[in-house]
Amino acid sequence: MKNSQLLKIAEDFGSPVYIYDSEIITTQYQRLMSAFNKVKRVKINYAVKALSNISILKLMHTLGAGLDTVSIQEVKLGLAAGFPAESIIYTPNGVSLEEIETVAALGCRINIDNLSILEQFGTKHPHVPVCIRINPHVMAGGHTNISVGHIDSKFGISIHQIPHILRIVENTNMTINGIHMHTGSDILDIDVFLYASEILFETAKNFKNLDFMDFGSGFKVPYKSDDIETNIEEFGEKLSERFNTFCKTYGKELTIAFEPGKFLVSAAGQFLAKVNVVKQTTSTVFAQIDSGFNHLIRPMLYGSQHDIQNISNPTGRERFYTVVGYICETDTFANNRRIAEINEGDLLAFKNAGAYCFSMASNYNSRYRPAEVMWHNGKAHLIRKREIFDDILRNQIEIDILPQKKSIKAQVHM
Ligand SMILES: Cc1ncc(COP(=O)(O)O)c(C=O)c1O
């Protein structure tokens, strides 16, 4: 999108604001599909957690995606967006049996990641086929908080517990229709994916009634123009060949499934925020924006580096700025970053703000969550209103606060 279009959106919808370009999402979806065009059955289940606005989900639906969900609320959003239940896979972690049963009753595909629930679910619902999330014991991911397939991780059933899974399957007579793994996010090296895939193939051999194999996600996206990214085309070529060979020996045309979040929506999103104050201290020049980690927590949560451009003065002389927010705790977006000269009132565009940005936003400091806008067919569409004060008070219950009675203990000490 052009800077002039971004500036106009901030003028029309206010600041801060999230903007998502539907064309970039479409291109990414098609890129992933074509990387696997040598496999007959491919399913891309968009990871709703990355960006769950219903208009984004509807876009995914028109592209032909399914959904990867982790909560019953994400499932309900998917259904509200028009997805048929069977195109939604539900991969919870540590949720109650009741929630899983409710989602199963809606007709979604169920992915189970622990032996306790597997046994309980299989005993009560032997006729509902389930997928199993394994933990392949692979250390992968751009940060420890997003590495989820290693031996100490809470996710998945250990590959060393396959005999136990098989015992449960036999005892309950349940059917395992899918096998799944997700090892982490921001994984650059395709050899890591291919290595983990071999473990999934090895595991799959134990299950005779599979319909699909889900290789999760975690593809690294570029954060600036010359940044490295997962070579999705090479990965597609290599894994497709291996997958097709596996299907031959397995004796059935299985579906290959992925569940990308970042790959589909990260680059499509931009976050615009206005500079309230340029503060020169003895050591640093701070640019303080009308936002904070309440709107974009990733830099503070796991050190992600969002490219920041001054769209009000893009050709200005570059200077060093530490970009911070207005929150009452440290909320640094960038340290000593070269950015075109910033004046108070300028608008900064934070790139790669599509995934895990709005969806992790909160009302911390009782601030409003920003509006969301979708750029679609050359037009800006408001897809979520900026919150107002009523939203902050909604669901709060004011009680009459009467003077407190002194406790007996307190009186004794007087
Ligand atoms: C089970 C599962 N699948 C898919 C994803 C999406 O990962 P990414 O955004 O890296 O594509 C995640 C991310 O947390 C996940 O936990």
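Start at 1 and count along the chain as shown; that gives each residue its number.
Glycine too: its Cβ is placed from the backbone N, Cα and C atoms.
Quick look at what TrEMBL lists:
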ACT_SITE  C328  active site, proton donor
BINDING   R298, Y302, E329, Y356  substrate binding site
DOMAIN    21-354  domain 'Orn/DAP/Arg decarboxylase 2 C-terminal'
DOMAIN    27-266  domain 'Orn/DAP/Arg decarboxylase 2 N-terminal'
MOD_RES   K49  N6-(pyridoxal phosphate)lysine
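What TrEMBL annotates, mapped onto the structure for a quick look.
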| residue | record | DSSP (3 states) |
| --- | --- | --- |
| K49 | N6-(pyridoxal phosphate)lysine | helix |
| R298 | substrate binding site | helix |
| C328 | active site, proton donor | coil |
| Y356 | substrate binding site | coil |
- Can you check which residues sit near C328 (active site, proton donor), meaning Cβ under 8 Å from its Cβ, same chain, 6 or more apart in sequence, and list them in order? N365
- Query: Taking each of the recorded positions K49, R298 in turn and counting other Cβ atoms within 10 Å of its Cβ, which one has the fewest?
  - Reply: K49
- Most isolated by CB count within 10 A, of the binding-site residues Y302, Y356, is Y302
- Message: Just checking a number: largest C-alpha distance across R298, Y302, E329, Y356 for the substrate site, rounded to a whole Å.
- Response: 21
- Message: Just to be sure I understand: of R298, Y302, E329, Y356, which binding-site residues have a C-alpha no more than 10 angstroms from the C-alpha of K49 (N6-(pyridoxal phosphate)lysine)?
- Response: Y356
- 10 Å Cβ neighbour count around E329 (substrate binding site)? 10
